[in-house]
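These notes are about the structure you will find just below.
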Amino acid sequence: MCILRLFNDSSETSKKEELDSKELGKIKRNRRIGEDALSIILSALYAKLVVVLGIAFPVIEVISTERPYFYQSFYIYLYLGSIVFVTYMYATLVKEKALVEMINSYKHRNTGNISLNKKFCQEGLVMSSLVANASPFLFPCTIEYSLICAVILFEMWKRVKMTEKGKDGEKDKNVRFDTGNQKVATHFQFNQYGGKVVNSNHHFTIDCSNAHKGLFAGILVIVLTIISLIMFFVFTNTPRHSENVAIFEVNIVELILYIVTSIAALIAAVKMRNLKYDRKIGHEGNSTGIGLDCILLVVAQTGMFIYCVFSVIGCCFTVGNNNELELATEIFSFIQTCIQTIFVLDAWWRRCKNIEQVRLKPGKELITFLIIANMAMWAINTLEKNRAEFMPNHLQFFGDWAWTIITHVSMPLAIFYRFHSTICLFEIWKTAYKIKTKYDTAFPLV
């Protein structure tokens, strides 16, 4: 009896300890969830403060005539803070990999020297002229880089989540690897003699067939753009007040490009409407399924909207030599941007559904033309429209500082929109006309 009592007492104490440990675990888990929620709130408030200061300081720096020594501390804080944070995250990942994989000879080969950006001396003769001449072309790159980093970090932030104990094992059990004889054909090549479909499973190939017409038309657009750029710089550097002629010929070329590319995007959308629409919800870690590249494109389109809207408002309230032409150009720019964005968002998920569509490749020549045309419009925005004095009537209507701020905020995004449109169109050109199917090595597809 004494032994039974001792056994019951020990079992009861073990149950109490188990219950206490469970309660303690729940308390710790609840506290951890609360701390995570509080850290998210504090991070959001801190990010909002940094964004506001990041907008206020550059605007004050442009307007103020004093030397920007006061703002350098804020910029250095941003640079140092980002470097320390990235270094900490990188060290954490390296530590976790070392603990999990137990690799003693781990060495990362992609490390490099990191240095802070420095403010060049404004009194130097050589460097000041070099910075002044190169800054209009280098400044949009900083905006584009910051935008890409912000979107990528946002995608990383959405994927960071807590996994409960036990779920990882269940997920691992559901993962299946196909080790049979079936392979996935990612691309088909047609034998011009036998008409057979040849699979290329391990090689990355690019099929340039049915794209020569768009390539030749794009070359004509590039030649026209180069001539326009040469004429613009020649007229702006002549002492005979030829700025109006330079702006006139640029507006003519832009208007032609916007009209032609709008028509090409519409025709390409009509030709590709019979392709299979294969959109997967949750693709690339996004619950909406829009994808990282499409998010960057939509965000960059905001710059096009800002520039077009303010340009149209300025054209409506000013009277100049090229006022009507500038108004028509900006309206068609807005229309072309909307049409092209809709086309990219739709064609991004289009795939060929049969061999006949793979052979005909509907709309591929138009996509080729749009790729080269967007490169031409990127060059125009970078070399010509990026200047605030490109529209003297708007400069007079809005004021020097207001129009300069509008241009410096919107044009980097507009330049990035043209650049990223080229990338998105190339991805469509590369992936839309491939077909995926399974085949057996013993019975290949004929």
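Every residue gets a Cβ built from N, Cα and C, even glycine.
Feature annotation from TrEMBL assigns transmembrane segment to 37-57 (among others).
If you look up TrEMBL, you'll see 69-91 (among others) marked as transmembrane segment.
Under the heading transmembrane segment, TrEMBL lists 215-235 (among others). Only residues 6 or more beyond the boundaries of the transmembrane segment (215-235), in the same chain, are considered here, and those with a CB under 8 A from a CB of the stretch are 242-243, 245-246, 249-250, 253, 256-257, 260, 365, 368-369, 371-373, 375-376, 379-380, 383-384.
The transmembrane segment annotation in TrEMBL covers 255-273 (among others).
Taken from TrEMBL, the feature transmembrane segment covers 294-321 (among others).
Taking Cβ pairs closer than 8 Å, the transmembrane segment (327-345) reaches residues 251, 254-255, 258-259, 261-262, 265-266, 268-269, 290, 294, 297-298, 301, 304-305, 308-309, 311-312, 315-316, 370, 374, 417, 421, 424-425, 428 in its own chain, all 6 or more past its ends. Here TrEMBL flags 327-345 (among others) as transmembrane segment.
Annotated transmembrane segment per TrEMBL: 366-381 (among others), in sequence order.
Annotated transmembrane segment per TrEMBL: 401-419 (among others), in sequence order.
Residues 211, 213-215, 217-219, 221-222, 224-225, 228-229, 250, 253-254, 257, 260-261, 264-265, 267-268, 271, 340, 347, 411, 414-415, 418-419, 421-422, 425-426, 428-429, 432 of the same chain sit 6 or more residues outside the transmembrane segment (366-381) yet have a Cβ under 8 Å from a Cβ within it.
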